[in-house]
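Colleague: This is the structure I want to talk about, given as structure tokens.
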Amino acid sequence: MNNIAGNLILIGLMGAGKTTLGKQLANKLKRIFYDSDQVICERTGVSIPTIFELEGEAGFRTRETAVISELTQQKDVVIATGGGAILQIENRLNLQQNGHVIYLHAQPEVLLNRIRHDKNRPLLQVSDPLAKLQELYSLRDPIYRATAHTVLDVNSPYSFHSLNRLIRLIRQHSKQIPQL
Ligand SMILES: Nc1ncnc2c1ncn2[C@@H]1O[C@H](COP(=O)(O)OP(=O)(O)OP(=O)(O)O)[C@@H](O)[C@H]1O
Ligand SMILES: O=C(O)C1=C[C@@H](O)[C@@H](O)[C@H](O)C1
Ligand SMILES: [Mg+2]
């Protein structure tokens, strides 16, 4: 694994496992791990739902863009992004140009099963969270695919297998693109 250079960046919908798998990947590769959501919470001292409440989604997105811009200037780190980070063109370009971007893909039904009891995702605090996830999937799946260099299917509950598959994919990609 040591022949892989460059940042490794995870994108995908809420519950795809960007934070979970990102930490495992960083651990395995002995790299520093950053999670843009966590950095925003550390800096503001409040939770994501509180930021949405006080500043709206627009305020959160402004903070997210600033953090993504900063994190993508790091070298050889693993970055888990927030699910909506790809909505801004500025973020998409920053991510694409400063690392190997991996889209963790899973179906809305699978995602909801993982996160249905977690109240920390303001966009899903609605009467029909599955419909919301389906709407986000329709809107964002094409954007995730267009932004990513690699797509990894993570519908499987065995995240350990996902980690091994992720590492294989990164290896293949870094052989094709030697500067990575
Ligand atoms: N492959 C998997 N199989 C089963 N459960 C998983 C898998 N990946 C993640 N999970 C679980 O799903 C939940 C959400 O995962 P995680 O927080 O990593 O998602 P995320 O992509 O970072 O979401 P967000 O965009 O909201 O930050 C966690 O409880 C995690 O343990
Ligand atoms: O998908 C989204 O838009 C979000 C995902 C989370 O990671 C957080 O960034 C926030 O809850 C918004
Ligand atoms: Mg996360």
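Any Cβ shown, glycine's included, is placed from N, Cα and C.
Sharing the features that TrEMBL gives for it:
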type    : residues                                         : note
BINDING : Gly15, Ala16, Gly17, Lys18, Thr19, Thr20, Arg121 : ATP binding site
BINDING : Thr19                                            : Mg(2+) binding site
BINDING : Asp37, Arg61, Gly83, Arg140                      : substrate binding site
Colleague: Go through Lys18, Arg61, Arg121, Arg140, our binding-site residues, and report the one whose Cβ sees the most other Cβ atoms within 10 Å.
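Modeller: Answer returned by the neighbour count: Lys18.
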Colleague: When DSSP states are folded down to helix, strand and coil, where does Arg140 (substrate binding site) land?
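Modeller: The three-state answer is helix.
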Colleague: Quick check: of the binding-site residues listed here (Asp37, Arg61, Gly83, Arg140), which one has the Cα closest to that of Ala16 (ATP binding site)?
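Modeller: Result: the closest of the binding-site residues to Ala16 (ATP binding site) is Gly83.
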Colleague: Tell me the Cα distance separating Asp37 (substrate binding site) from Thr19 (ATP binding site), rounded to the nearest angstrom.
Modeller: 9
Colleague: Consider the binding-site residues Gly17, Thr20, Arg121 and say which one has the Cα lying nearest the Cα of Arg61 (substrate binding site).
Modeller: Arg121
Colleague: Enumerate in sequence order the binding-site residues Lys18, Thr19, Arg61 whose Cβ-atom distance to ligand 1 is under 6 angstroms.
Modeller: Lys18, Thr19
